[in-house]
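S.K.: Could you have a look at this structure, given as structure tokens, before my questions?
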């Protein structure tokens, strides 16, 4: 009878697997995952290590869903199914395993655009952070927290965390994708501060790095973020130019990104009064929405149709704003209500315009109240 493989040896291999996941190296991660699964069949009994393995399967699938949304991998369980396997023993977990369980669950909630839920899990994970000794893992924590607070428009808190993450990533060349993503978050925060001149250099640096590593997805995302920055600064011409560049790369290389790009392009054209051209891109965007993960962008396209068609669909606008309210997406409420108000104001429907401007003010108040998310 062959001797059982020590669980410590399998644990080392799981650590290597996680390293490849954090580097977004799918082929290497797949190879190590298969090796770990084979070793576990011959491993000595170790319940903690099996939990660690389950957590890493969950994290592996989160990576795949981010890089290749909608793609299936044989009979593998989905993220939702994997979530059930890691939730069951959670109350028994301590230390590093508890940290991973909470941190990965926060990442899942973030991907579902449940940002308040995500921050709640990250805050619980932070209590276990003293058990984390690896610098890259600390950078991962700061990056994900910064990302969540950015989406909740808690700009100062986001900037505090992202600078800590970037300081680590920049010293590790293998983590160039996380460096690019960190530059995105910094630029987004500068945009929220309305310092557009400070945002663009970070986005251009991200684009240059993405081109250096020849990563089509992040080339497209960099172009998209540059376009969004120009749009926020009011430079419609430069925004449209970069949206179209992002759309070209997306159509050719990363089609799952196309609805997001076309939404940004459509909205900019609508605000610039080029609604006929915008509605062509809206139709193209809706045609590309098949996966459940794009439901959010379907709602946004429907919002544009409701606001900018010849007869404004006020009820539909209110329904969509209610959808955003349920998800605490106050920044989206602010931007969408502002667009609706501007359209009503331009057609001299001042009562409706005033009602939507009040929603803008309410959303701004809710964003400021969001500071309670990180009050201890």
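Glycine is treated like the rest: Cβ placed from N, Cα and C.
Features from Swiss-Prot:
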- 99-132: repeat 'TPR 1' (REPEAT)
- 139-172: repeat 'TPR 2' (REPEAT)
- 180-213: repeat 'TPR 3' (REPEAT)
- 220-253: repeat 'TPR 4' (REPEAT)
- 259-292: repeat 'TPR 5' (REPEAT)
- 334-367: repeat 'TPR 6' (REPEAT)
S.K.: What does DSSP give as the helix, strand and coil breakdown of the repeat 'TPR 4' (220-253)?
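M.R.: Secondary-structure composition of the repeat 'TPR 4' (220-253): 31 helix, 0 strand, 3 coil.
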S.K.: When DSSP states are grouped into helix, strand and coil, how many residues of the repeat 'TPR 6' (334-367) land in each?
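M.R.: Going through the repeat 'TPR 6' (334-367) residue by residue, I get 31 helix, 0 strand, 3 coil.
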S.K.: At a C-beta cut-off of under 8 Å, are there same-chain residues at least 6 beyond the repeat 'TPR 5' (259-292) that contact it? List them, or none.
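M.R.: Sequence-remote neighbours of the repeat 'TPR 5' (259-292) are 69-70, 220, 224, 227-228, 231, 236, 239-240, 243-244, 246-247, 250, 298, 300-301, 304-305, 307-309, 339, 342.
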